[in-house]
């Protein structure tokens, strides 16, 4: 006979053999088989899910991880989900079949506390849903968010109800209090940490902010309550010593709320750091508030981590002094220790501490080993049945009333089932015969024609109606061109409404946003004046209508991220409704308009995005500026880009065109036309303010269709065929297929009539064709000679070669000719500036960097869609223009004759002028021409074209611009056009890593104060670790002082001081060495605000060798035309002393002068 004793964990501990099944005065049938499992399945089993879920989280987040470990974490995640579902179903069956057990379980002073395990087990699943499944899309994130709300209500319920039941009903003595009293309290702390994880990935920052606030409240509830219980438990330990061997494992439980509390407060602070500045919380102090919460979270986490270590010491000593008996409480080894590991892991990431990384690994591995041990013991005892003994069942006598009734029904069924089944069978037969005999006979449908008598069809009588439907011939179109643009008259289109009216909230404020593009700044000035005037009129309208209008905002298309406005409706402050207005000039050259149109078209056709993703805006309207001198009519291309934007906006907004597109001649009547358009737009906005919709006939008004439905086909025929019948027909416009369908619909048969109408008379005569000419769709020139871009670039000193290449004389070339110093390339690599040609075969770029010198004056695009000039034309053109510009400097004061003579022989080419040189389809051929004339090449790319980078052949030195260390910072600084810019960026770094033994690779870091200088060097160190370049150039941004730079948010305050660049480089070098990467500060050029970090591959015999042996390079190139040789094979002499770190980097052979040309004496 065995003996069963209930321990303080609410489970049974056993001695001897397996107990007999008929204990607790319960009939044997209830205590055998599946019924015994269900009856004895306690809430403590959910501790298995807690431990399994914690193992999956730890494996996923190990600081020193591997892909196979990640896959192992997915397996544990799946196992945890399966166990949780099974345990939940068994629990439901337990309390449904045996409802009296619920009352007995709640009354049990220990077993009832394990109800807190359920929400904690669910929290581990939510955590892994976010970590593993967030790449499935926003849908999965919101599913996890929904589960989190369920989890917090369960956590609050257990946190409040169970302690009250302990106080009101259990009332244990001090000697009977154990750490299990924490179990119903800890779920709130766990839910707070889970809220931080979910909030970090929620796409809507308003939802994320709500989640963070709720999580802070939960953290406060759980942590405060935990402090009370720990004080009480510590008092119990000091008076009554450590728990018994059955409950001693519970002494580990205090580590749970301390470890999870430390992780949770760190995670919430981390999310707050980036989230609060995006909201209106704390007003102007929002950014500082986020920083305070972040730092405070780390501080509290350190305190709680230390306190957890103290409790861990107490627990280990207590366990070591006793020999605990195995029970379900052993799962307390897994989850509490796991929370300690997660807290340490978060500290290691925030503090960049190897100590906490190692601590995380040690504790995580210990938890995994303990899980394997406890899981094995649990499975063994579960198979033998020893784990299924609920102590609370001893107080339940006899069968459950529900089970008794159930068994009575079963017995009755077994006794009488045969006659019951026969009776039901005969009843069904009788019902079927009754309906068969008395039912109404119906005709055969499928075989009806077979049984019908053949009847000779009567000849129908043809009656010609007095008014036979005919097709009116189309009036012949005269071959007369329109003498100007279409005129727009103000007023709303009124049509009967057919659809169910959409109801809009007229209490929300309205925010008009005016978008414009401009090259010559003329449209920009018009847009500024229009926006200011519109603001004044809306103030008056606000007083009249009672609806609030926010101050209109002006947006330059070159300065915004399109996804913020045209992928989803713009999220305005105060939850305002937005109305989009466009002022767009049309150009026959490549401008931001082309990029914008391409974005609209891609967004509409992207299968991952709703076809009308910005239908949430109130409406939109477009006004275009054109030139009738060169494009007299719309057919010739007058305002064609404004019309295209209008078309695509109609598609993206579900046809919420508030007012027809207006057009004006920039050299003629644009002011008058703009006034007319403005009047109409104001009328629409006034209508929106009163009714909340655009008016009858438009979406939002209840109309079935708007006045001018967008065609399905993008290239439609303009011909119209008008039919007249008894009812007036709507004019149709479409393709030939649509016309045939219209003809088919004209033939109708009158129901019940024996008279057939005469066939329709259709006139197929061609009455002439439209004289409209389509806008040419062939490849355009990137920079046409008559374009404003061409004029702007030539005005800036560029010589345009062909249609997409350029060359310009660098200011350092002029300085070197006069003996006043060369640029940093001379200090670092031995390149004499007066022998250098700066050029690019592609003026187009795929970024719109905030520090770019040429905002709005160089084309942008993601794909090459222009005329391609042959490399021979470009090569000869850039050389010719470069030499021509050098000759123009011969009369410049101070030019040295010997250097002028040297400058007439190009020895180096910097492909870094503007744009993206690697974008040019024949870049390898162009490089080959340079090398054939022994001209070395430095090529700079922006890490947005991995395919071209991978296909690149020999180049003397290959640069990649690295302007940010993370995705969001890169989006903010470089403003890339590619939607997958971060993936492209990382692929380019991986390619650079592969090429590091075939090319001299360089990372160029441009520091912009206020954008990326303040970031920790850790992020950049990770990128260096990823790409392993030969060199890292760190350079302060150069302010160009143009109006376009100020529009981009740059001023002189964004230019870092040289000492700030030095501090950044020192921090980066330190972090690289901590990572075990062998890099050091090799050289500097203080005048250029540039410092060079070099790989120790170029540190030979105690000296840096950053210079290039150009003679040797061309010899190797002749032997290996594809550049299949290492960078070390053409490493030059040692870097000169004056160029090394700490010496300034100015060539002593040259003469230093100030800005006014006065000589600076050496100090």
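Numbers here mean position along the shown chain, with the first residue as 1.
A Cβ is built for glycine as well, from the same backbone N, Cα and C atoms used for every other residue.
Per TrEMBL, the features are as follows:
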- 44-62: transmembrane segment (TRANSMEM)
- 68-92: transmembrane segment (TRANSMEM)
- 113-137: transmembrane segment (TRANSMEM)
- 143-167: transmembrane segment (TRANSMEM)
- 179-202: transmembrane segment (TRANSMEM)
- 208-234: transmembrane segment (TRANSMEM)
- 292-317: transmembrane segment (TRANSMEM)
- 329-348: transmembrane segment (TRANSMEM)
- 355-374: transmembrane segment (TRANSMEM)
- 415-435: transmembrane segment (TRANSMEM)
- 478-501: region 'Disordered' (REGION)
- 512-682: domain 'Flavodoxin-like' (DOMAIN)
- 692-738: region 'Disordered' (REGION)
- 705-726: compositional bias 'Acidic residues' (COMPBIAS)
- 829-1078: domain 'Radical SAM core' (DOMAIN)
- 1144-1163: region 'Disordered' (REGION)
- 1149-1163: compositional bias 'Basic and acidic residues' (COMPBIAS)
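Sequence-distant contacts of the transmembrane segment (355-374), counting only residues of its own chain at least 6 positions beyond either end whose CB sits under 8 Å from a CB of the stretch, comprise 51-52, 54-55, 58-59, 62-64, 330-331, 333-334, 337-338, 340-341, 344-345, 347-348. Nonlocal intrachain contacts for the transmembrane segment (292-317), taken as residues 6+ away from its ends with a CB within less than 8 angstroms of a stretch CB, comprise 237, 251-252, 254-255, 258-259, 261-263, 265-270, 272-273, 276, 337, 340, 343-344, 346-347, 350-351. Below 8 A, the CB atoms of the transmembrane segment (329-348) and the transmembrane segment (44-62) form 3+ pairs separated by six or more positions in the chain. Beyond the ends of the transmembrane segment (179-202), by six or more residues, the same chain brings 8-10, 110, 113-117, 119-120, 123, 126-127, 130-131, 134, 141-142, 144-145, 148, 151-152, 154-156, 158-159, 161-163, 166, 208-209, 211-212, 214-216, 218-219, 221-223, 225-226, 229-230, 232-233, 247, 250-254, 256-257, 260-261, 263-264, 267-268, 270-271, 275, 342 to within a C-beta distance below 8 angstroms of the stretch. In terms of C-beta pairs under 8 Å, the stretch of 44-62, 143-167, 208-234 lying closest in packing to the transmembrane segment (113-137) is 44-62.
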